[in-house]
Amino acid sequence: MKRIGVLTSGGDSPGMNAAIRAVVRKAIFHGLEVYGISYGYQGLINGDIKKMELGSVGDIIHRGGTMLYTARCEEFKTLEGQQKGIEQLKKFGIEGLVVIGGDGSYRGAQQLTKHGFPTIGVPGTIDNDIPGTDFTIGFDTALNTVIDAIDKIRDTATSHDRTYVIEVMGRHAGDLALWAGLADGAETIVIPEAEHNMEQILATIKRGQERGKKHSIIVVAEGVGSGIEFGDRISKEMNMETRVTVLGHIQRGGSPTGADRVLASRLGAKAVDLLLEGKAGMTVGIQKNELVYHPIDEILDRPHTIDQEMYKLSQELSI
């Protein structure tokens, strides 16, 4: 293998630039040429591909977002779109591809592998919802962003004796809500992986009031439902002032934490190693601080699960 490509796809996450940097530098270290594909699979179809040098990835390790840009591409879900992408890869002489993104990005990588093109997936998503790895690139940064926001909201909640509902990202996974809620001592954490009982939530708030508690913090993953609806119901049922904050896309931005920079560097470099070893259709990850890899097919067939021990702890501490 003499020439590889790298792209980012789907939602951006802090640390993607560090992963791109690692792929480019590791490949050049081993004498390979590297081509960056802009705007994900859409850019691949369109031939938006340029050669990258060491200087191409200078001064990016600390930057959020992705220097290669990203996009969602419905066309690549079709056989025709996939064939167009493969034609572009062949046109540029690219023999292997590193795809950085979430499960949708992995599905594109899976199709390329089925067509006989060596592809390695690197988990980049703030949702932390990719099986086969303890952490995904961007999760730690997003977690710290959410914690910082809740810390500030708690100050004003206490000052005004209010209950706050904070909606965080996580359409199908509650990791961000669970970890942030536990770190911030939320009274209630509502996630897609666990059933929630509104009566129990109201009872928890009421017990706090009876103890003289000046505020309540409720963290809701967006996949469960609207934070605004939660807030409205609490206001009506408890006859109390409730405020709702939807954190939104602020969770995706910002300079990546040290943990995300190191994780991204390790995973990006490992992806290049796997291509050099002749592996294809694999995803890289980290488990118990050890780098691992798994078949993409296996990862996509495996459901995301929450850390039950952490969820149990959050329930025990929010009495």
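Backbone N, Cα and C atoms are what each Cβ position is placed from, and that goes for glycine too.
Keep in mind it's a predicted model, so treat the numbers as computed, not measured.
Just one of R63, R72, R154, R252 is listed by Swiss-Prot for the same ADP site as R21, A22, V23, V24, R25, G185, A186, E187, R211, K213, K214, H215, and that one is R154. For the ATP site, Swiss-Prot records R72, C73, G102, D103, G104, S105, and the single candidate of G11, G15, G31, G170 listed with them is G11.
In sequence order, T125 are the binding-site residues from V23, T125, R171, R243, I250 with a C-alpha within 10 Å of the C-alpha of D103 (ATP binding site).
Note on proximity: among M169, R171, E187, R243, the binding-site residues of the record, the Cα nearest S105 (ATP binding site) is that of R171. Neighbour density for R243 (substrate binding site): within 10 A of its CB lie 15 other CB atoms from the protein chains shown.
Among the residues R21, A22, V23, V24, R25, R154, G185, A186, E187, R211, K213, K214, H215 said to bind ADP, no two Cα atoms are farther apart than 57 Å.
Residue pairs drawn from G11, R72, C73, G102, D103, G104, S105, the listed ATP binders, are separated by up to 13 Å at the Cα level.
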